[in-house]
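Q: Dumping the structure here so I can ask a few things about it.
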């Protein structure tokens, strides 16, 4: 059976069409594929495993149902880096390190969210290093839930304002040097990642790099891996 890869769904309480597309997709794929890998930013933000936001109930329940029949793996992204053991218990998913190397259908596949490869964005890389620090995370998770939500909403608003002002810029894309260093360190496998919202297929010497389609406006996409190779396919209307 095929393996499917998705990323950058950015599910939130104000994205009902995307939330429903996720539920429908899990129902359609449950028990019919070998595994599903979600490579970061499943949620627009994740303020801690104790988050009791009402909109989370449906996707987490659907994930549990899915994981009961089909292996489900989730990688943390730049929006949901606080996913932890509590999320695993609530969703039935298994969290993956970034990067993770798998072997399937005769291929060596390196999985990453992709944000660590955007090395020209020095300010973001500084934030990434800080936000992955266990002490920083412990301090953040010690704050009241309402305060964490307020911080996340502010960060989301700031991010949207920056996007409107600058759009997709070169510094928000991966760099050739970072990609080549990562591929070389793992023996030049095929690389699959998300994050950049620039779905495409690239070649780096003998290695392929696939960028997964982000989800928006009730539509999305996924990568399918089977004995015939890797293909990019659409989801939604």
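Cβ atoms are placed via backbone N, Cα and C, with glycine included.
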Q: What does Swiss-Prot list, out of 186, 195, 197, as binding the same Mn(2+) 2 as 41, 78, 113?
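A: That Mn(2+) 2 site, as Swiss-Prot gives it, pairs 41, 78, 113 with 195.
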Q: For Mn(2+) 2, what surrounds 41, 78, 113, 195 with a Cβ no more than 8 Å from their Cβ centroid?
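A: Near the Mn(2+) 2 site, beyond 41, 78, 113, 195, sit 7, 8, 39, 40, 77, 79, 114, 115, 194.
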Q: Measuring Cα to Cα, how many angstrom lie between residue 10 (Mn(2+) 1 binding site) and residue 113 (Mn(2+) 2 binding site)?
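A: Distance between the two Cα atoms comes out at 13 Å.
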Q: Whole-number Å only: compute the distance from the Cα of residue 113 (Mn(2+) 2 binding site) to the Cα of residue 41 (Mn(2+) 1 binding site).
A: 8
Q: How many neighbouring Cβ atoms, not counting its own, are there within 10 Å of the Cβ of residue 79 (substrate binding site)?
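A: Excluding its own Cβ, the number within 10 Å is 25.
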Q: Residue 197 (Mn(2+) 1 binding site) to residue 121 (substrate binding site): how many Å between their Cα atoms?
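A: Rounded to the nearest whole number, the Cα-Cα distance is 16 Å.
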Q: From the Cα of residue 79 (substrate binding site) across to the Cα of residue 195 (Mn(2+) 2 binding site), what is the distance in angstrom?
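A: Roughly 10 Å, rounded to the nearest whole number.
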